[in-house]
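Participant: Have a look at this one.
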Amino acid sequence: MDTYRASVDIHVTIVAPTKTIVLHSDTHKVLSVSLIKKQAHDSDTRNTEITETCFLKKTEMMILKLSREMGAGENTTISILFRGNVSSSFDGIYSSIYVSKTKEKIKIISTHFGHDYARTAFPCFDEPSFKAVFFIKLSFPKKYKALSNAATLKQNFIDTNTLSVEFKPTARMSSYLVAFAIHDFDSISAVTKSGVKVNIWLPRDNIEQGKFATELSPKVLETFETLFNIPYPLEKLDLIGIPGFKAEGMEYWGLITFKTTTVLINPKLSLIWEMQRVSHFIVHELAHQVCIALLFSFSLTLLAFRLCNLFHTDCCHYLPTKH
């Protein structure tokens, strides 16, 4: 089983007096955990130490016992260094393999954190009502590329073989909407009238078959913006095909994962039913990008799903007949 080494810094504000901090953590080997000292401008300068760390396997909880009671309004940062496992079951951080035309087996990494698999990837407050801005940084062999919810901020080489990519801060969101992928795919891109860049990522052997989806996606976003007067809030949208993916598609802020074959159309055939199939998929997935802000809790999931179906139908009626 593949493993990874990572760290998280979680900035928290205490809302009620407490001597314990409880967060989610599953399948991790924690190497170190500490509270980072409060900033100099804070009025309370007392240090707080972690006296004991407990793990509850059944409830997937990590309990930090503190040296003193922290009061409401205090700020601190939980800093955790840990190791984790890469799954092969399409949950959490998982790997999948595809075979190129040259018969080479190539591994890629991607994520699925809904409904509660973020805790298998990194320690966090893995509840939909807990929202945060995520600052994501990935390191990987230089032959690969990386995607996440937000656009790339900067990248640099750690050594001759390892590339580090830092992404822009995400929107304020729940942990289950976090997503990233490490891959060697090629892309086709198009830009909406409002300047949103839409990228379709596929294995290079399949890239020509993704042109129809690339041409359609900006039109779908533009149609939603016109219909509902809701601008797409991010500067980019990536759609990446995952070999062997068990679902048709999964929607995250700024990054949609889907079964590779879902958007493929043979450009020499362009059968009507294939175009309809891909059109329905693209419209449905992009409807979730419009609806995703409604998902403040899992109790609204059914409502958002119904709205996505409604938006899907309306958008299909309003789309141009020629793509």
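Positions of Cβ are set from backbone N, Cα and C atoms, glycine also.
TrEMBL annotations: computationally assigned, not manually curated.
It should be emphasised that the depicted structure is a prediction, and the values quoted were computed from it without experimental measurement.
Reproduced below are the annotations present in TrEMBL:
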ACT_SITE  Glu285  active site, proton acceptor
BINDING   His284, His288  Zn(2+) binding site
DOMAIN    3-177  domain 'Aminopeptidase N-like N-terminal'
DOMAIN    212-289  domain 'Peptidase M1 membrane alanine aminopeptidase'
Participant: Can you tell me how the residues of the domain 'Peptidase M1 membrane alanine aminopeptidase' (212-289) break down into helix, strand and coil by DSSP?
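Facilitator: In the domain 'Peptidase M1 membrane alanine aminopeptidase' (212-289), the DSSP-based counts are 39 helix, 16 strand, 23 coil.
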Participant: Counting only residues 6+ apart in the same chain, whose Cβ is under 8 Å from the Cβ of Glu285 (active site, proton acceptor)?
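Facilitator: Counting only residues 6 or more apart in sequence, the Cβ neighbours of Glu285 (active site, proton acceptor) under 8 Å are Leu239, Gly249, Glu251, Ile256, Phe258.
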Participant: Could you tally the C-beta atoms, other than its own, that fall within 10 angstroms of the C-beta of His288 (Zn(2+) binding site)?
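Facilitator: His288 (Zn(2+) binding site): 21 neighbouring Cβ atoms within 10 Å.
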Participant: State the count of C-beta atoms found within 10 angstroms of the C-beta of His284 (Zn(2+) binding site), not counting that atom itself.
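Facilitator: A count of 19.
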